[in-house]
Amino acid sequence: MTNTAELLADDPIWLVLIKVVAIFAFLVVMTLFSIWAERRVIGRMQHRPGPNRAGPFGLLQSLADGLKLAFKEDIRPVLADKWVYFLAPVISATPALVAFSVIPIGGEVSVFGQQTALQLVELPVGLLVVLACASIGVYGIVLAGWSSGSPYPLLGSLRSAAQVISYEIAMGLSFVAVIMYAGTLSTSGIVEAQKDGWFALLLPFSFLVYVVSMVGETNRAPFDLPEAESELVGGFHTEYSSLKFALFFLAEYINMVTVSALATTLFLGGWHAPWPLSAIGGGVLNTGWWPVLWFLGKTLAFLFVFVWLRGTLPRLRYDQFMNLGWKFLVPLSLLWIIAVTVIRALRNNDAVTSQQFLIAGGVVIAVLLVATFLIPDRKVPESDGEVPLAGSGYPIPPLDLEVPKAPPRRSAVHAGAQAAPAGQLPGEGAGSTKEEPNGSV
């Protein structure tokens, strides 16, 4: 076992409980802060102040909004599946909390005289646990859309499922190069492998793919198609209110914090101090509680990227979003992994330095990526004089374009007949005559 695993194995129960409560409190506070910071930054981008009333600088605005949601009426649609409808927000929020348990926040510290590592659990396959939790979280969204009994939530949940499937592949491929260079699936081992250099500089294309994938995984702008207001009203949480609606917001922002912390762990050296601070005093800033500060600063930098993208980029069309994942990220990631594999093989033979090959490979991949965006899409020629009929590529049911006949209009006699008093035949009245069967009057 590694040193981190040995430290965590000796943790008493009370220390484990303290870590669990601390992680939960940290994620909740980060959620409240992220919502406030996002609204303030977006406000500045749009030349308005943002929330500035509740508390100093508006810091208590998120807490006030949470309390407001807690006291709102909890409405359940008539057609909703009761238990699935209630459990869906919990299923969406729980995996995000679990995923953070394997992320190292710092090194070895002393807590009430007990030596431990600032990490809840150390697993040999910790990276796969994070990937699995990211996949499980979409179940809550799918169940929410299906159980609401409404078409808009169902469409939003299906979009989210397709989105996660598409970008989970690209995210997993971005992990492969990191695993090859770190030689382990352990998150603490990956952090230790970056003490001499960040993987973001060594594996720039993997870093870029992960950043794009993490935005798609969290359903954030410009990839917020599952909850597109202009198309789906509110998406998968259209029919939710009160605390269940707040749970979806909590899950979204906890996911943002988790993927940002994972990006810090995989590509920015984790809790290690950035250069040149890491060289001060022989690495004294990488000991004690200092690593928490570096980890928090890097995580906040990634959270700012989410806000920046939301404030600057418009929402993509659904076909553009799928094309980006399947036609660009996945194929280029496979080419990048092949290049990294060749580099590792040549490095073992001392033929060429890995840095030279990685720089050359990154340039080639960047050129290919730019070229794919510049090449126009091939369009199928369309005939102006033909109408698509049933049996074509997109079958259209035959339409009866004949104008319907006007309904018969009632005459004055019929109208008077309907108004005849009781006991009087239609057409009879004052001054009317009745014809006898023999023709006499």
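For all residues, glycine too, the Cβ spot is worked out from N, Cα and C.
Going by Swiss-Prot, these are the annotated features:
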- 415-427: compositional bias 'Low complexity' (COMPBIAS)
- 400-441: region 'Disordered' (REGION)
- 13-33: transmembrane segment (TRANSMEM)
- 83-103: transmembrane segment (TRANSMEM)
- 123-143: transmembrane segment (TRANSMEM)
- 164-184: transmembrane segment (TRANSMEM)
- 197-217: transmembrane segment (TRANSMEM)
- 243-263: transmembrane segment (TRANSMEM)
- 289-309: transmembrane segment (TRANSMEM)
- 323-343: transmembrane segment (TRANSMEM)
- 356-376: transmembrane segment (TRANSMEM)
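Counting Cβ pairs closer than 8 Å and at least 6 residues apart in sequence, the transmembrane segment (243-263) and the transmembrane segment (123-143) reach three or more and so form a contact. Residues 84, 87-93, 95-96, 98-99, 102-103, 156-158, 160-161, 164, 168, 171-172, 175, 179, 184-188, 190, 217, 226, 236, 251, 255, 258-259, 262, 266 of the same chain sit 6 or more residues outside the transmembrane segment (123-143) yet have a Cβ under 8 Å from a Cβ within it. Taking pairs at least six residues apart, the transmembrane segment (197-217) and the transmembrane segment (13-33) share fewer than three Cβ pairs below 8 Å and do not count as touching.
Residues of the same chain lying 6 or more positions beyond the ends of the transmembrane segment (289-309) and with a Cβ under 8 Å from any Cβ of it are 30, 34, 37-38, 41-42, 105-107, 109, 118, 211, 215, 218, 220-222, 256-257, 259-261, 263-264, 268-274, 277.
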